[in-house]
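First the structure, in the form of structure tokens, and then the observations on it.
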């Protein structure tokens, strides 16, 4: 969200305004005319005969002739692009084929390397490239006829030198600029909230999450996953919506305006500093002509965003393959709306990282003329998961990055040579590499070309019109603009004011590129440039990959680590809208694959232990001991560092990604690489086909062990020994199935060590939910007593002998039966008779009192005010049966708010 700057510390003539209507402000003294040769001529195109599907005409200027041969080309729009009007005299939705027929492209003088693009929207205008020179053509009258006078201008890149007849344009430093706000951000926009940092997968520090929270939805309608670490062309198919306030303000120029704004934003996303190939495509435009037909828009920015997100869903097609399906929706409005703290100078609102979520991939833009293009690019950046440049994760990774990138929290002006910060590029790349942007892979049959004409050439963006769009319909350009403010600061004066006082705001509202700034001069990027200084067009340069860099450091010293090599799209770097490199940008390989010395701890366990003295204590002040948590973790979250407090149900996510080379789980050989599971062999090599056989031998044939199996039916109350599984046993599987219709049969699996210490369901305390049992680095997975099939499993070699028991606390007509299997080495002296049916009958003591059993927190619908997380809190006795004897005063909470604030961008 953007906010107007304060006036602190400014000299009287340069004070900036907080709000409109602003107090009087003198922009400066009258500016003198610029100097320089004229690089344009008035021409009248001559229509040439041709086919019905071809437009051909001749121009004479600059001592040469130009013959343009053009064919209809609507690739600026998606193939099924439509404009629909809601609520007006044409309330019924319908396409506008006439608009599609107004775009043409072709060649000049028959040259294969030439390029021409023309539009008949609001008169014939466009541009063409020939022999290294760029030309733009604009009508000089109000009609649509081709044979009226047009101004032909010659352009080129060159050095942008200041007008020698004018003082150099100066951009003054601002105490603060306009502020962006982001959903899940704080009211000041200067740093993101804890919740927002959690969502963005903070690189260090504690992440407090619930089991199911923070899950990014799967790509909507996506059938296949993109390859990781591969640069692929992405297409952001977009719905543009203009509300009734936009229709009233722009009238018949509305569709031209929002397409111009969109094309400017698309150009920003083409810059190589974003380090990805991102193409913006317009699928549909909805123009709301009657307020009641559109989304509810108010001065509450957060509520407006929620309303629009809900409203836009009705127009989206479910299938990503449908030509009218869009990936994100954008609302343009002239309505002022507020963020937090009664600050009503917000320019944009959006949710973070929601691009493939059809319910939340949306943003709201406050229209202020062409400045809306930067707001749109910023808000869409948040939807693509980019945080603010001054957020804690960005600062930790890259240090302070200045205030002039696209994702700066305050909008002053954008560094057009480097619009995207390194942090923005990294977060976007991670989103795409993690598969959360796969909905952007489907390409329309035609892509969106960027218009080459500068907006300042159009009558829609004359200086007076620019002032009206930003300050209001009663304002016009200030005639006494100072030399210092030309092209740099847009100043306006109320048309009914008798005082020669001009107003400005926002710190540095540049004049639109192409705006005349003196005889023979035009504005370009805030500078008044001689037309003849830009004689040759900037050649489009496609990017190409540089060499692979040396392999980096291995992530582990033993047990199978990962090392990376990468290459950059810098040989050459894309320039002037050239294509970003496609293909593999990062490769990795296994390293240090030798086995680690046995220490009784898994690599994931060592990572959890790091937080044992991390200021985490229980209610008595004792430090908690953290062990890995596997049970209840979603498969897509297996590479997050979930840790559980030993002996407790509390767990936390300490890291968004475990160290590369960590096993994804106790029951798989796959390993984590940058937060994603990849296949690996038992030799710790990525993509290796080697597997553990049933004996636990890597690459073995299963001949080094024998199977031990049996069954057991309890015959007495209490704890009954079933079998003692020896150290070294592998592929352990113990099952106790309840009878049909009987969930709690009064019999429960138990597990104890050789010294009599219970690891599971001991002392008549029953674990009702799934859990992990850690035994010297080996994990045994327990299903929980509430499961219909109560099960105890381990795929790793058992480090010490364990005794499996069955606790029986009630009689059954059909007593349950326990079955078990495991494998032991052939040379192990093991006898089932010696290990089972020792049947020590334990006297059942009086059952302890019932206790509260806690479920896992549900997923947060959002982190904004009004949404709640919930969990089950049930009173159960040791047998797992529901009870009413728990102390209500000690009942834990079963609901908590997800957030207490609206979430601005």
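Placement of Cβ uses the backbone N, Cα and C atoms for every residue, glycine included.
According to Swiss-Prot, the protein has these features:
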type	residues	note
SIGNAL	1-28	signal peptide
REGION	139-163	region 'Disordered'
REGION	186-225	region 'Disordered'
COMPBIAS	191-215	compositional bias 'Basic and acidic residues'
DOMAIN	234-444	domain 'Peptidase M12B'
DISULFID	309-362	disulfide bond
DISULFID	338-344	disulfide bond
DISULFID	356-439	disulfide bond
BINDING	378, 382, 388	Zn(2+) binding site
DISULFID	394-423	disulfide bond
CARBOHYD	415	N-linked glycosylation site
DISULFID	478-502	disulfide bond
CARBOHYD	480	N-linked glycosylation site
DISULFID	487-523	disulfide bond
CARBOHYD	506	N-linked glycosylation site
DISULFID	517-528	disulfide bond
DOMAIN	542-597	domain 'TSP type-1 1'
DISULFID	554-591	disulfide bond
DISULFID	558-596	disulfide bond
DISULFID	569-581	disulfide bond
CARBOHYD	615	N-linked glycosylation site
REGION	706-847	region 'Spacer'
REGION	877-905	region 'Disordered'
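Location within the structure of each feature annotated in Swiss-Prot.
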residue : record                      : CB count, 10 Å
309     : disulfide bond              : 24
338     : disulfide bond              : 22
344     : disulfide bond              : 14
362     : disulfide bond              : 29
502     : disulfide bond              : 26
517     : disulfide bond              : 25
554     : disulfide bond              : 19
591     : disulfide bond              : 19
596     : disulfide bond              : 16
615     : N-linked glycosylation site : 7
Give the three-state DSSP assignment (helix, strand or coil) for residue 591 (disulfide bond).
strand
Over the domain 'TSP type-1 1' (542-597), work out the mean pLDDT and round it to an integer.
92
Taking the Cβ of residue 523 (disulfide bond) as centre, how many other Cβ atoms lie within 10 Å?
24
Out of 378, 382, 388, which of these binding-site residues is nearest residue 523 (disulfide bond) by C-alpha distance?
378
Considering only the disulfide-bonded residues 344, 478, 569, 581, which fall within 10 Å of residue 388 (Zn(2+) binding site) when distances are taken between Cα atoms?
none
Counting distance between Cα atoms, which of the recorded positions 378, 415, 423, 554, 596 is nearest residue 569 (disulfide bond)?
423
Quick one: DSSP breakdown of the domain 'TSP type-1 1' (542-597) into helix, strand and coil?
0 helix, 15 strand, 41 coil
Rounded to the nearest angstrom, how far is the Cα of residue 591 (disulfide bond) from the Cα of residue 581 (disulfide bond)?
28
Sequence order is fine: just name those recorded positions in 382, 502, 517, 554 with a Cα within 10 angstroms of residue 394 (disulfide bond).
none
Count of other CB atoms lying within 10 Å of the CB belonging to residue 378 (Zn(2+) binding site):
31
When you rank 338, 528, 554 by Cα distance to residue 415 (N-linked glycosylation site), which of the disulfide-bonded residues ends up on top as the closest?
528
Return only the integer: C-alpha distance in Å from residue 378 (Zn(2+) binding site) to residue 356 (disulfide bond).
17
Across all the protein chains here, work out how many other Cβ atoms are within 10 Å of the Cβ of residue 356 (disulfide bond).
25
Residues with Cβ closer than 8 Å to the Cβ of residue 423 (disulfide bond), same chain and 6+ apart in sequence?
386, 387, 389, 391, 393, 394, 397, 398, 401, 407
